[in-house]
Structures are given as C-alpha cells and as structure tokens.
C-alpha cells in the first residue's frame with residue numbers, strides 16, 4: 001500500500017514539473033501557433049541559474065527560483081524578439097526550424113559555459129522527508145506539487161484579471177479582432193513568452209534539484225511536457241496542468257506495473273493516440289481543430 | 001466544393017501571372033473511375049506549382065532548375081543554368097577526387113559520412129520539399145535500415161558482395177515497411193501536428209530498440225562487417241540523387257508536389273492525397289534506410305544512441321539550409337555540414353554553436369527577404 005502511494009506522489013510530483021513546462025508550450029502555442037522547441041532549453045538555463053544561486057551564492061529555494069524566473073523571462077524575451085519575430089509573416093516549418101536552432105544554440109552555449117558534466121544541487125536543498133502516517137515522502141516532491149498549484153493559480157489570475165493578461169488571451173482567441181480592439185499583438189506575444197519562460201525557469205530549479213543539471217537535461221522532460229500539453233489540449237491552461245499531472249501519473253503507474261522500460265514510451269504512445277483519436281486533447285481545446 | 005476549387009486554382013494561376021482564368025465548368029470534379037487529371041495534369045497542375053527551387057542558398061549562385069512558363073501557362077523545364085556554382089562544384093568534385101585517390105582511413109570515413117548524410121537529406125527532401133510533409137522522425141527510418149542491414153550482415157558475417165547486397169536490401173525493406181505502417185496512421189495529421197507525431201514515433205522506436213534484447217538493447221549490435229567504402233557510399237548517394245531528381249520530375253512526383261501545394265485543390269481534380277503522401281514518405285524513408293545500412297557498415301557497431309532526435313534535426317537542417325524541394329541543394333548542404341563538423345572536430349562545442357547560428361540566420365534570411373516579411377509560406 002505504502003509503495004503504491006509513494007508511486008502516486010512521485011508521479012504527481014514529476015507531473016507537476018511537466019505541467020509547469022507544458023504551461024509555457026501552451027501559452028506560446030496559443031498566441032503564435034508555434035511549437036516552441038527551445039522552451040525546454042530555457043528550462044535548462046533556469047536549472048543552471050538555480051544551481052549557481054544554490055551552490056555559489058548559498059541562496060535558499062525561493063530566492064533561487066525567483067532569480068531563475070527573472071533570467072529566463074529575459075532569455076525568453078530575447079529569443080522571441082530576435083529569433084521568432086522576424087518570421088511572423090511565415091508560418092510552420094521556418095519557425096519550427098528556427099526553434100530547433102535556438103534549442104541547439106542554448107544547449108551548446110551551456111556546454112561551453114558549464115562543461116558537459118552533470119552538476120548536483122546541494123544535498124537536501126529542498127528539505128528532507130515528510131512523514132504522513134506510514135508513508136514517507138521526500139519534501140522536494142511536495143514542494144513541486146505546491147509550486148505547481150500556486151503558480152498555475154497565479155497564472156490564471158494574471159491572465160484573467162490584468163489588462164496585459166487579457167490582451168494575451170484576446171490575441172490567442174482571434175488575432176485580427178484583438179488588433180481591431182487596439183491591442184498590440186507583438187506585446188501580447190512577448191508577454192506570453194515572458195510568462196512561459198519564467199515558469200520554465202522555476203520548473204528548471206525544481207526539476208534540477210530532483211535530478212541532475214546538465215546541458216542536455218531539458219530534452220527528455222521537454223518532449224514529455226510537450227506531449228502533456230498536447231494531451232491536455234494545446235492552447236488551454238487547465239489542459240496543460242491536467243495533461244502534465246495525468247502524464248506523470250500514467251508514467252509512474254506504467255513504470256510500477258510493466259517495469260521502467262515502458263515508462264519513457266507511455267508519453268509518446270499517449271501523444272500519438274490523442275492526436276489521432278481526440279485532437280482537442282482532454283479539454284477539447286479549439287486550437288486543436290484543423291490538425292487532422 | 002466546385003467553387004472553392006475554382007478559386008484555388010485561379011489563385012495558383014494568379015501567383016504565376018498566368019493568363020488562363022478558370023471557370024467552374026472547366027474544373028472537373030473528382031469521380032471514381034474517370035481520372036480527369038490525365039488530361040489536365042501537365043498543363044494545369046504543373047502550372048499551378050510555385051516552385052520551391054528559388055529558395056536556396058545555392059540558387060543564389062544560379063544552381064537550380066529554372067521553371068519557365070510560356071505564354072500558355074505551360075511550364076517547361078529549362079536546362080540547369082550554372083553560374084558561379086559551376087566552379088564551386090568543380091572545385092568540390094576535384095577535392096573529393098583527390099581525397100578518394102590518396103586517402104587514409106580517416107579521410108575515407110569522412111567521405112563516407114558525407115555521402116551518407118547526403119542520401120538522408122535527399123530522402124527527407126522528397127518528404128519535406130516535395131510533398132511538404134514535415135517529418136521529425138527520420139532517425140527512426142535510419143535506425144530501421146541500420147538494424148535491418150546490421151542483423152543480416154552479422155548472420156552472413158563476411159564482406160562478400162551478395163552478403164552486402166542482401167543486407168542493404170533488408171535495410172531498405174525494413175525502413176520502407178516501417179514508413180508504410182507508420183505513415184498510414186500518422187500522415188492523416190497535418191503540418192506541425194505531423195511533425196510532432198513523427199517526433200514521438202522516433203522516440204518510441206529508440207526506446208523499443210533500447211529495450212529489445214535480440215537487437216542488443218542499449219549496447220546495440222557489435223562486430224558488423226565494415227563493408228562501406230567511399231566508392232560504395234558515393235554510388236548509393238548518386239543513385240539517391242538521380243532518383244530524387246527523376247522522381248520530382250516524374251508524373252507521380254508532380255502530383256506529389258501539387259498535393260503539397262494545396263491538398264484540397266489536388267484532391268478535387270482526382271489526386272489521392274493520402275496515396276501521394278505515403279508514396280513520398282516511403283520513398284524518402286527507403287533512401288534514409290539505405291543510408292542507415294551504409295552507416296552500420298561504416299562504423300561496425302550501432303546502438304540506439306546513434307538514432308536520437310538530434311539526428312533527425314541534423315537531417316532537417318540540411319534540407320532547410322540547402323533549400324527544400326531542390327534535391328541537389330539539401331545533398332550539398334548535408335555534405336558541407338558533415339565536412340565542416342569533421343574539420344571543426346577539435347572544438348566540438350563551438351562547432352555546434354556555429355551550426356545553430358547558421359541554421360537560424362539562414363532560415364530567417366531565406367524566409368524574410370532581407371528583413372522584410374514575405375507572403376506566408378504554406379506548409
């Protein structure tokens with residue numbers, strides 16, 4: 001019983017990180033209809049910033065997360081301005097290829113700066129263990145879950161109740177109509193990048209403190225978070241969170257039931273199944289139409 | 001439907017400044033047995049194609065097929081005009097020849113790698129450039145080819161010609177069958193979603209290989225006879241290049257291209273889009289499988305780590321940098337990239353950064369025409 005409960009919490013914690021990354025994919029896809037492949041490397045950058053703060057500056061988790069969010073937001077802004085904006089007239093393949101190029105650029109810049117070896121956060125960085133009844137849980141997993149809930153709520157608030165956030169949603173809904181209402185489309189797109197990248201930075205700190213930090217660390221969680229955003233319904237905020245958590249759970253359960261070999265496959269099998277059978281994802285998002 | 005088709009065809013004509021204007025009575029709806037495109041295809045479909053060829057760094061030097069439209073709107077192939085490219089090509093060929101003649105083992109390996117990369121680029125170009133189906137899972141077909149060929153070569157275990165031929169055939173067959181099976185499912189998806197699905201498939205194939213004990217698992221296959229010579233790779237690359245060029249200009253190739261331009265318009269004049277997509281996808285995968293087989297024969301050992309997402313990105317980068325849809329462009333770009341990465345072996349990190357910057361800058365310049373936005377490129 002205890003084993004299963006731990007698996008569930010583990011799955012949910014990993015799912016929470018996927019959800020945080022998936023939010024970034026979904027935000028950018030909403031306004032730009034672009035699969036931002038560089039997103040997972042922004043997360044990697046966040047993990048390194050967090051590691052620098054923790055190891056060199058001896059900062060706690062919260063200041064490190066804030067620093068990572070800030071730097072990543074800036075990085076997201078730069079990437080959007082100089083990488084994607086020149087190509088807004090074009091669509092599809094050119095944007096995607098630039099995204100792949102930026103992803104490579106970030107990965108190998110990190111390799112040049114920090115070396116190819118993996119770095120580890122200080123031991124017990126996110127706290128020790130928590131006991132609930134007979135179940136022992138690492139505090140880092142609970143932190144991940146709490147952060148996910150808090151940040152998603154915060155994001156919803158920003159998008160629903162601030163002027164700038166509403167502009168992002170308007171652009172995601174209908175670009176032309178938004179422009180007619182006097183919304184600066186490019187500013188909304190920039191904001192979506194900034195918000196998404198900041199979340200990626202925080203999730204980088206969380207993911208990095210759970211596992212290792214290395215220049216290529218972003219690839220696997222990035223691809224899986226991406227699958228999560230499609231499974232949840234790309235373009236939808238609750239969809240991204242649901243998709244992330246569901247994927248984390250599915251992975252943990254598949255790993256427990258059929259061995260770890262199947263763990264990495266689950267997300268991609270689910271991704272393709274959802275694309276073919278329910279293109280709108282769990283939330284049946286409108287952006288999914290036109291994909292089949 | 002009829003009205004939409006008419007509008008689409010006229011829009012195609014408009015882009016070409018062609019004088020013919022369609023009326024609805026001229027557009028024949030798709031019927032089951034009659035195949036109206038038989039009459040229409042050369043004059044109309046070909047004319048409806050805005051050639052992707054001028055979008056290439058090589059075309060800046062004048063190395064591209066020039067499509068000429070006469071006053072009836074019928075396209076004619078003009079012969080290839082070579083400007084500066086003539087000398088570049090000659091220099092490259094001379095360099096390759098010297099490398100072939102007095103080579104050491106290292107040069108031979110680099111040469112083989114270049115030709116193998118060129119084959120994969122030619123294969124993906126059929127898929128991306130011609131049929132406009134973006135695939136990010138090309139590494140999976142390469143893996144199918146490599147493992148198919150590697151297994152047979154291990155069984156035969158000598159470098160005899162029939163053994164090599166059997167290995168490569170099995171490799172190509174494995175890649176084609178994989179592509180057919182996979183394509184029948186995922187090619188229903190469009191655009192970016194197809195890219196995502198193929199990406200997922202590439203990862204699935206890699207994970208399956210990692211956990212497949214008969215194929216060596218994560219360690220891979222060892223002691224494969226090393227049969228690949230630069231000559232063999234060159235012959236195969238030449239075959240792929242010529243086949244790619246021929247296919248692009250054959251009837252089916254033209255139909256593929258028309259389908260890539262506008263699926264609905266193509267379907268309405270009797271082209272089966274799914275059929276064309278599968279054709280291009282499978283042919284591309286077959287070429288990639290052949291390259292995979294040669295790759296296995298070059299290294300002597302293969303493991304799932306050779307066929308990651310990064311590999312698929314490499315192939316796509318060559319196609320984009322070389323100019324999608326030109327066959328020759330992607331092949332040259334792939335060889336150039338491979339040669340550069342061999343030259344810059346000592347500074348691997350800087351090499352990758354340089355590569356990424358080139359990829360970004362070339363893409364932005366190509367699709368924006370000197371900083372200004374061009375009309376949306378459909379894919």
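Just so you know, glycine gets a Cβ as well, placed from its N, Cα and C.
What TrEMBL lists as transmembrane segment is B:84-101 (among others).
For the transmembrane segment (B:107-127), same-chain residues at least 6 beyond its ends with a Cβ under 8 Å from one of its own Cβ atoms are 96, 99-100, 133, 135, 138, 141-142, 228-230, 232-234, 236-237, 240-241, 244, 247-248, 256, 280-281, 283-288, 290-291, 294-295, 298, 314-316, 318-319, 322, 324-327, 330-335, 337-339, 342. Sequence annotations record features per position, and here TrEMBL assigns transmembrane segment to B:107-127 (among others).
Marked as transmembrane segment by TrEMBL: B:139-157 (among others).
Feature annotation from TrEMBL assigns transmembrane segment to B:163-187 (among others). Outside the transmembrane segment (B:163-187) by six or more residues, the chain places 133, 137, 140-142, 144-153, 156-157, 194, 197-198, 201, 205, 225, 227, 232, 274, 277-278, 281-282, 284-286, 288-290, 292-294, 296-297 with a CB less than 8 A from a CB of the stretch.
Look at TrEMBL and you will find B:232-249 (among others) tagged as transmembrane segment.
Annotation source TrEMBL lists transmembrane segment at B:278-303 (among others).
What TrEMBL records for B:315-337 (among others) is transmembrane segment.
Here TrEMBL flags B:343-365 (among others) as transmembrane segment.
Take the transmembrane segment (B:278-303) and the stretches B:139-157, B:232-249, B:343-365: counting Cβ pairs under 8 Å, B:139-157 has the most. Within its own chain, the transmembrane segment (B:139-157) is flanked in space by residues 120, 123, 163-164, 166-168, 170-175, 177-179, 182, 198, 201-202, 204-206, 209, 215, 221, 223-225, 227, 284-285, 288-297, 302, 304, 306-309, 311-312, 315, which lie at least six positions past its ends and keep a Cβ under 8 Å from the stretch. Counting same-chain residues at least six beyond the ends of the transmembrane segment (B:343-365), those with a Cβ under 8 angstroms from any Cβ of the stretch are 57, 317, 320-321, 337.
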